[in-house]
Amino acid sequence: MIMICRTKQQLREALENKRKQKPGLTTGFVPTMGYLHEGHASLIRRSVAECDLTVLSIFVNPLQFGPNEDFDRYPRDEQRDLALAEASGADIAFLPTVEEMYPTKPLTSITVDVVTDRLCGASRPGHFDGVGVVVSKLFNLVQPQRAYFGMKDAQQVAVIRRMTDDLDMPIKIVPCDIVREPDGLALSSRNVYLSAEERSQALVLSQSLAKAKSIGETAGKTVQGLIDEVSNHIRESQLADIDYVELLAYPNLTPLAPNQLLLETPGELLLAVAVKFGRTRLIDNRILSFSEVTIDV
Ligand code: AMP
């Protein structure tokens, strides 16, 4: 049976008991905002396979939502989430209220610079500061050895990695592959907002990312050339309203010169898109490499 903790005190006691019963056990942690799907389940299963104890958190964190974003209407279904978490093998679920997490408004902020300059860091001001605070608090409460994050939010992985490195948090950040629907749409709790027509047009995201490798391998293709082709492909879907299409060096997320030739660009690149369909903003991405040239590190 999954153990449900709603307060920090309950969580601390549950962890203390488990650690007393089996000294030295390894704890894996999966932070989520709930409305769980197979993407979340894949993180939980990976933690279960690699750790003695798996803790899942479900918390829709107001600090990471902008004033005109979807905090109030973010989908919630606690009973379904707990059933899926248990079926995936989680041992403890932590479900705090906003008041429990933030009895007073935090005066402490966490800002990870540079890796937040572009992508969602640029189009959602303050978002990653809110993520930094909540993930730090959750890490302090759970004290895991390993924490599992989906590559669906590739920039989030870069931010959390940098934060744990910079602040000497003794936690291994484990990035996990994006889980997709059979037709390619990346799973997201926000997919439930989509109308049937938006859902069908949203396929353009995964389709344009899938094409990018072969487009980029054509002779003479530049960074901007690839961005333009992907953007044009997305724009063929009438309901698509592009927030960004960007190609950055991965994992540092540093910009590339627009006229740089892809076949002469070494290392891995992150092609990331954010596109609105109606009121629903979807993100997707793919890691690509074009050059055979290897760099010595
Ligand atoms: P969320 O509940 O959306 O905050 O997501 C919680 C965790 O699940 C994050 O680390 C996400 O990157 C991850 N996640 C969300 N969707 C997917 C997906 N389709 N595949 C893999 N991981 C995902």
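Any Cβ shown, glycine's included, is placed from N, Cα and C.
Annotated features in TrEMBL:
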- 33-40, 150-153, V179, 187-190: ATP binding site (BINDING)
- H40: active site, proton donor (ACT_SITE)
- Q64: beta-alanine binding site (BINDING)
- Q64, Q156: (R)-pantoate binding site (BINDING)
For the binding-site residues L36, M151, the one whose C-beta sees the most other C-beta atoms within 10 angstroms: L36
For G39 (ATP binding site): DSSP state (helix, strand, coil): helix
Residues that sit under 8 angstroms from Q64 (beta-alanine binding site) by C-beta distance, when 6+ apart in the chain: G126, H127, F128, G130, V131, V134
Binding-site residues near H40 (active site, proton donor) (Cα-Cα within 10 Å), from M151, Q156, V179: V179
For M33 (ATP binding site), the number of other Cβ atoms found within 10 Å of its own Cβ: 19
Spatial separation of Q156 ((R)-pantoate binding site) from G39 (ATP binding site) - C-alpha basis, Å: 15
Among M33, L36, H40, Q64, the recorded positions whose C-beta sits under 6 Å from ligand 1: M33, H40
Neighbour count (Cβ, 10 Å) for S189 (ATP binding site): 19
M33 (ATP binding site) in three-state DSSP notation: coil
Proximal residue to Q156 ((R)-pantoate binding site) among binding-site residues M33, L36, V179, S189 (C-alpha distance): M33
For V179 (ATP binding site), nearby residues of its own chain (Cβ under 8 Å, 6 or more apart in sequence): H37, E38, G39, S42, G150, K152, A186, L187
Residue among recorded positions G39, H40, Q156 with least C-beta crowding, 10 angstrom cut-off: G39
